[in-house]
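J.: Handing you a structure now.
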Amino acid sequence: TELGVERRFVPESCPRAVRPGDFVRYHYLGSFPDGTRFDSSYDRGSTFNVFVGRGQLIAGMDQALVGMCVNERRFVKIPPKLAYGSEGVPGVIPPNAVLHFDVLLIDLWNSEDEVQVQTYFKPEKCPRTVQVSDFVRYHYNGTFLDGTLFDSSHNRMRTYDTYVGIGWLIAGMDQGLLGMCVGEKRIITIPPFLAYGEDGDGKEIPGQASLVFDVVLLDLHNPKDGIAIENQLVPESCERRSQTGDFLRYHYNGTLLDGTLFDSSYSRNRTYDTYVGKGYVIAGMDEGLLGVCTGEKRRIIIPPHLGYGEEGRGKIPGSAVLVFDIHVVDFHNPSDSVSITVHYKPSNCTVLSKKGDYLKYHYNASLLDGTLLDSTHSLGKTYNIVLGSGQVVLGMDMGLQDMCVGERRTVVIPPHLGYGEDGVEGEVPGSAVLVFDIELLELVSGLPEGYMFVWNGEVSPNLFEEIDQNHDGEVLLEEFSEYIQTQVDTGKGKLAPGFDFEKIVKNMFTNQDRDGNGKVTAEEFKLKDQEAREEHDEL
């Protein structure tokens with residue numbers, strides 16, 4: 001004769017219980033005491049949806065539902081006076097019938113409900129939160145209030161990308177995403193009147209369903225955003241900053257806003273080399289690389305409209321904000337020449353180096369960022385060259401000009417006057433600016449341009465006869481070499497310094513041997529001033 005309620009299953013967590021005025025969705029099996037079933041929501045494939053305490057249910061069910069939790073299961077016995085009484089329902093419920101209901105509560109909400117937000121993880125740093133008109137990328141699991149999964153971006157392995165607050169989302173999600181930080185995780189519970197309402201979505205979501213979204217925000221930007229620059233390390237000395245048209249070499253780590261690494265020059269063990277401000281890189285990077293110093297480290301945050309846009313590229317998803325942590329190794333301009341800084345010059349600096357001089361010097365060679373490449377000091381010997389003879393890169397030939405013994409200078413050589421785009425494998429990177437700290441230790445004056453040998457005094461009028469020691473009218477290479485050696489040893493003549501003796505003599509002899517038969521005759525033999533119109537390095 002009285003209402004009977006047996007709680008057969010009560011979930012551990014019950015944040016909310018049914019109160020009069022709430023709207024509920026529940027499944028049920030209706031039967032008589034003998035077990036005969038008279039109705040079932042399961043057979044219809046849809047829950048029973050109704051307000052509680054408004055007279056829309058039989059009185060016993062109105063009472064029995066109060067206090068239930070979502071996912072709770074109750075067995076309810078309802079006497080006739082709280083059911084269909086003495087009249088029953090013709091053809092279905094006989095008069096004065098006791099009714100049994102096995103009830104499972106699926107959903108619960110109230111018309112006064114609002115969107116509920118529960119944040120269960122928030123990053124320590126939150127420089128920016130979601131605002132109206134922002135564009136966001138997020139992952140989610142969408143469930144009903146009873147935990148049934150109806151959708152998941154994780155299963156599709158693709159974020160949900162959308163504007164916030166402009167009607168692209170259901171109203172409750174528009175509200176629930178506001179104020180989120182990148183990396184934040186929250187649960188957003190949305191009543192149906194702020195979701196898909198009475199009709200549902202026509203697919204997975206039934207009418208009047210509360211929705212629960214477990215959301216993690218991966219990305220956030222606004223179409224009005226420009227790039228953002230965070231200076232991490234700026235050298236104390238910055239004599240020059242990059243400008244449009246400069247060529248930069250830099251290392252970088254490229255990540256998404258949530259920290260996911262998509263690329264790194266460090267992993268390839270090679271800098272990224274490019275012109276700046278000429279469209280060789282994405283627009284945001286073109287802008288972010290301007291005004292940097294050699295050795296500077298900065299973070300460049302690039303919105304997608306200045307990055308790879310809606311389509312993305314490779315490991316970069318569409319509409320992704322990009323974060324580049326860069327380290328500038330060096331930069332130069334194609335119009336740059338050699339830069340010379342003199343640190344010390346002796347007071348008696350009268351003899352200056354010139355083309356053809358034989359120089360001995362020490363150097364330390366490094367990159368612009370200070371990385372040491374080579375040093376003669378570590379080898380314990382000087383580097384020896386003939387200036388202007390192509391024995392060193394063009395920039396070094398230029399940098400050693402007009403130097404006196406004892407002078408110390410720093411020579412900065414751009415790559416087009418150094419080792420160019422290719423560099424030296426395993427030693428000098430391609431397109432690298434080189435820095436040489438130089439000290440000139442010895443200078444041997446060279447000969448006039450075009451000469452390999454000069455006389456220190458008057459030239460003998462019988463020169464050919466003196467060389468032709470056996471007086472057979474022909475001079476062989478051995479005779480020629482022996483004669484030149486004697487002139488040098490006795491101080492009567494001087495060879496161009498810094499070159500191999502045998503190579504110089506053979507070159508001089510070949511120039512005199514006009515018919516190429518390995519012998520020089522008196523008719524072939526001529527001095528330099530006798531051949532003003534010929535371009536030979538000879539006597």
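Along the chain as shown, the residues are counted starting at 1.
From the backbone N, Cα and C atoms, a Cβ is placed for every residue, glycine too.
Just so you know, TrEMBL annotations are computer predictions that nobody has curated.
Feature annotation from TrEMBL assigns domain 'PPIase FKBP-type' to 21-109, 133-221, 245-332, 356-444. If you look up TrEMBL, you'll see 455-490, 500-535 marked as domain 'EF-hand'. Residues or ranges marked as region 'Disordered' in TrEMBL: 512-539.
Locate each feature and note its surroundings.
T.: Across the domain 'PPIase FKBP-type' (133-221), DSSP classifies residues as 13 helix, 36 strand, 40 coil.
In the predicted model, the domain 'PPIase FKBP-type' (245-332) has a mean pLDDT of 96.
Residue counts for the domain 'EF-hand' (455-490) under DSSP (helix as H, G, I; strand as E, B; rest coil) come to 18 helix, 3 strand, 15 coil.
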J.: Out of 21-109, 356-444, 455-490, which stretch touches the domain 'PPIase FKBP-type' (245-332) the most, going by CB pairs under 8 Å?
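T.: The stretch with the most close Cβ contacts to the domain 'PPIase FKBP-type' (245-332) is 356-444.
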J.: DSSP helix, strand and coil counts for the domain 'PPIase FKBP-type' (356-444)?
T.: 13 helix, 37 strand, 39 coil
